[in-house]
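Asks: What TrEMBL records for R130, Y144, P145, M146, N147, K148, H171, Q184, S222 is Fe-coproporphyrin III binding site. Feature annotation from TrEMBL assigns active site to Y144.
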Amino acid sequence: MNEATLTLEGWYALHDFRTIDWTAWKAADDEERAGALEELHTFLKEWELMEESKTGSTAVYSIVGQKADLVFMHLRESLEELNALETAFNKTTFAEYTTKAYSYVSVVELSNYLASGGGDPKANPEVMARLQPILPKTNHICFYPMNKKRDLTDNWYMLTMEERREMMRSHGLIGRSYAGKVKQIITGSVGLDDWEWGVTLFADDALQFKKLVYEMRFDEVSARFGEFGAFYVGNLLNAERLDEMLKV
Ligand code: VOV
């Protein structure tokens with residue numbers, strides 16, 4: 001058997017995509033809408049406080065295109081917390097005006113391909129900051145799930161550790177050339193959801209998503225082994241922008 005890559009796991013992730021039922025939302029009376037918005041604001045506040053206490057992180061974006069209208073990306077310490085969070089949200093009045101568009105369950109993951117030095121990586125504050133990241137509130141988000149191919153001729157899992165490490169080195173070099181422009185959070189989902197990884201990218205300039213993803217397509221690990229699901233791209237929402245979006 002080939003040497004399995006060692007992984008470190010951090011916070012669990014839930015990407016919760018919702019579509020707004022605009023017909024019902026517009027038909028609701030002012031009082032109902034105001035109540036629903038107030039409840040939504042209470043949630044936003046709670047998520048902010050939780051982020052300040054560094055026990056999790058949440059980012060909210062509106063989705064461009066017809067796949068969904070909103071995404072709530074939550075990072076929490078356990079699947080139980082994520083479950084409680086989505087259930088609480090589902091019980092709100094606002095949730096009655098949404099339908100579930102898509103969701104993705106995964107866990108923040110770092111692999112040992114480029115690991116340096118010995119010792120307990122979890123004792124390293126930089127590693128911990130990557131495993132339990134506060135989600136950047138950049139102007140834009142891009143999310144897509146992906147696999148590494150397991151075909152007879154191109155099977156990622158049949159390559160030696162050294163071959164995989166070499167390709168990941170090249171991948172990392174391209175990624176690093178986008179430092180300051182794109183921040184990536186890779187979440188592992190083998191055994192948790194339908195694809196092997198979730199890729200979440202954050203940038204102030206959405207064009208950088210296109211440039212980075214395109215450049216990576218020419219890199220061997222993506223060119224030969226990458227298989228991709230649907231792409232979602234969105235714009236940052238804060239309390240004010242959410243009110244604006246939901247104004248009728
Ligand atoms: C913003 C840029 C950026 C940077 C700097 C970066 C760097 C790195 C490093 C150094 C490492 C390896 C160590 C670790 O940290 O795990 C990874 C790991 C990974 N990546 Fe990456 N990646 C980026 C960006 C980035 C993108 C855009 C994609 C999607 C690929 C594409 O073609 O659309 C991606 C995917 C992944 C995946 C699925 C993994 C896990 C692979 C596995 O087999 O385990 N990644 N990645």
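Residue numbering: from 1, along the chain as shown.
Cβ atoms are placed via backbone N, Cα and C, with glycine included.
Curation does not apply to TrEMBL; its annotations are automatic.
Could you tell me the structural context for the features on the list?
Replies: For the recorded site, S222 (Fe-coproporphyrin III binding site), the DSSP three-state label reads helix.
The Cβ of Y144 (active site) has 19 other Cβ atoms within 10 Å, all protein chains considered.
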Asks: Measuring Cβ to any atom of ligand 1 with a strict under-6 Å cutoff, which of the recorded positions R130, Y144, P145, N147, S222 qualify?
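Replies: Result: S222.
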Asks: Sort out the sequence-distant neighbours of S222 (Fe-coproporphyrin III binding site) for me: same chain, 6+ apart, CB within less than 8 Å of its CB, listed by position.
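Replies: Set apart from S222 (Fe-coproporphyrin III binding site) by at least 6 residues yet with Cβ under 8 Å, we have H171, M216.
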Asks: Whole-number Å only: compute the distance from the Cα of R130 (Fe-coproporphyrin III binding site) to the Cα of Y144 (active site).
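Replies: That separation, Cα to Cα, works out to 19 Å.
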Asks: Within its own chain, what residues at least 6 apart in sequence put their Cβ under 8 Å from the Cβ of P145 (Fe-coproporphyrin III binding site), listed in sequence order?
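Replies: The list for P145 (Fe-coproporphyrin III binding site) reads Y104, S189, D193, D194, W195, E196, W197, G198, V199, F228, G229, A230, given in order along the sequence.
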Asks: Return the residues near N147 (Fe-coproporphyrin III binding site) by Cβ distance under 8 Å, restricted to its own chain and a separation of at least 6 in sequence.
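Replies: Counting only residues 6 or more apart in sequence, the Cβ neighbours of N147 (Fe-coproporphyrin III binding site) under 8 Å are W195, E196, W197, G226, E227.
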Asks: What is the maximum Cα to Cα distance, in Å and rounded to a whole number, among the residues R130, Y144, P145, M146, N147, K148, H171, Q184, S222 annotated as binding Fe-coproporphyrin III?
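Replies: Answer in Å: the longest Cα-Cα distance is 23.
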